[in-house]
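**Q** Once you've had a glance at the structure underneath, I'll fire off some questions.
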């Protein structure tokens, strides 16, 4: 929410609370009906659970569900907990029953177990069975985000009959853009779009079996939700049907749930790229200890990598005593490798997530990163050599300054470290994918830590070999 919208909502709160305090139901009803449901939910953001329920009570059931659906998950659970705790479970159970099936299941996953046990028996039998069935699917699967509220029709209907039936079901389903044609056992036979039905409106007697698309792209209930989201994006669907092994239609995953999946994935990737374990809730809503723990895990890993870097430096302490100027270029060398490795890792991880890069492309990826490393490394090496010559000429004791030949250590090392960085950054995400792990775990700080160690070893090995041979 923008800051201006938040300020406007805060200014409106006193007026809204005045309506509640004076039991001005007419004004409250006008407030709920006059604005879009999303705007109503925004204006109610500052109300507590009891006040929010008082406003929702004046709305008709359909509007109440729409507004409630735009509340933040934390506000939804707080309202449910408050009403159940006050002994008003019957009232809130009606609202829960009217929610779309997938939203109802999400809500019941968020509330406490004792609240679920109190609400489930109060739901209508059909809603109760449906809720329990959907709750049985593991979180993160297509079954856990699907809704069972879609238009299903038999294939023997005509276009006119289909339109009549759709108009009857429209209020009870999540989307009418797609119509799913099924047999008596709910096996999926085909798919019709609203465009097809409207286009053939002037031919009302034509059977929908003649119009429907029989080659329907589907997903299984146990498919990973990220794979489902990618399939929806690839085919530009508004919804995708979920079936079982016998192709019986179980439900659909709609575009709004797909957007949520992409948001979760993008947030998780961004956190992992920064070396932070994914958070279940937002930054401000996560307990400080949980936040510290999620950050501490990766900080510990990177701290250990830094200790290994320090150990590598210690191994070459004698070399630094003899050739003091080598110390000056350690940051230059290891940062060049770490940055190039992080860039490569980010590009490959993005390619893997988008489906552009596959495991079988590993040879192509490594060749590209090798070429990129040589090109970038050569450019940085030239700049680094010139900078090193200028820097060492500023030494307080010129007679101790390295010769131009000795300074070749710097560009040679930069070239090798950058190549090492690009190859490691390209290869490690592919390795993680091969092992069945999330490539995003190969975060930028993690790659940089590995390259830091490799950079020190390469730098001192090259320096020792070249200077000893002079």
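Backbone N, Cα and C atoms are what each Cβ position is placed from, and that goes for glycine too.
From TrEMBL, for reference:
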DOMAIN    146-207  domain 'CBS'
DOMAIN    212-268  domain 'CBS'
TRANSMEM  296-314  transmembrane segment
TRANSMEM  326-349  transmembrane segment
TRANSMEM  370-388  transmembrane segment
TRANSMEM  408-432  transmembrane segment
TRANSMEM  444-468  transmembrane segment
**Q** Which sequence positions outside the transmembrane segment (370-388), separated from its termini by at least 6 residues, show Cβ-Cβ distances below 8 Å to it?
**A** 328-329, 332, 336, 340, 344, 407-408, 410-412, 414-423
**Q** At a threshold of under 8 Å on Cβ distances, which of 296-314, 326-349, 444-468 pairs most often with the transmembrane segment (408-432)?
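**A** Stretch with maximum Cβ contacts: 326-349.
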**Q** Residue counts in helix (H, G, I), strand (E, B) and coil for the domain 'CBS' (212-268), per DSSP?
**A** 25 helix, 16 strand, 16 coil
